[in-house]
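Report on the structure given below.
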Amino acid sequence: MEFTTAGLCDQFHGTHPLQIVEPLFRPFGAVSRFHGRITTLKVFEDSVLIRETLAQEVDGRVLVIDGGASHRCALLGGNLARLAADNGWQGIIVYGCVRDSVELGTVPIGIRALHTHPLDSHKRGGGDRDCLITFASVNFRTDHYLYADEDGIVVSEEKLI
């Protein structure tokens, strides 16, 4: 279904508890507009849990990763983005960095991240899944809904479209 975040704000702001993500994120990935139910991860400079999560087949979910805003390595690259797209993920939000930005632009998935960084992350296996995470003035919870387009990112407790 077609939507715009501006349209969602016009229609639902004031009647639904919308949260609007601060405009910190750059677009990556071949899809500019995406939405779905949220799955949350909290990791720091480690992508093992990200890979495990994206390897699971889902029906149109969006992975929201709190990477602590680290600018010392990338949490997501071309291989993980392709894995996500192949398994039904609609989008990935990374509060941190990505790499392989040219390749990401060819993968049929929506991606938002703070920046790029050429160094890959550690592979130690730490992190938490399905926990409350907070960044960019928004509380992200598993099973809430995220809507992203060229204008921004909106989060709602309820399905809007």
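In case you wondered, yes, glycine gets a Cβ from its N, Cα and C as well.
According to Swiss-Prot, the feature substrate binding site maps to G77, G78, N79, L80, R99. Taken residue by residue with DSSP, G78 (substrate binding site) is part of a helix. Within 10 Å of the Cβ of G78 (substrate binding site) there are 17 other Cβ atoms, across all protein chains.
Taken residue by residue with DSSP, D100 (divalent metal cation binding site) is part of neither helix nor strand, so it is coil. Listed in sequence order, G77, G78, N79, A81 are the same-chain residues six or more apart from D100 (divalent metal cation binding site) with CB atoms under 8 A from its CB. Positions annotated as divalent metal cation binding site by Swiss-Prot: D100.
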Long-range Cβ environment of L80 (substrate binding site), under 8 Å and at least 6 residues apart: S47, I50, R51, L54
C-beta crowding around R99 (substrate binding site), within 10 angstroms: 22
Residues flanking the substrate site, with Cβ no more than 8 Å from the Cβ centroid of G77, G78, N79, L80, R99 and excluding those residues themselves: A74, L76, A81, R82, V98, D100, E103, L104
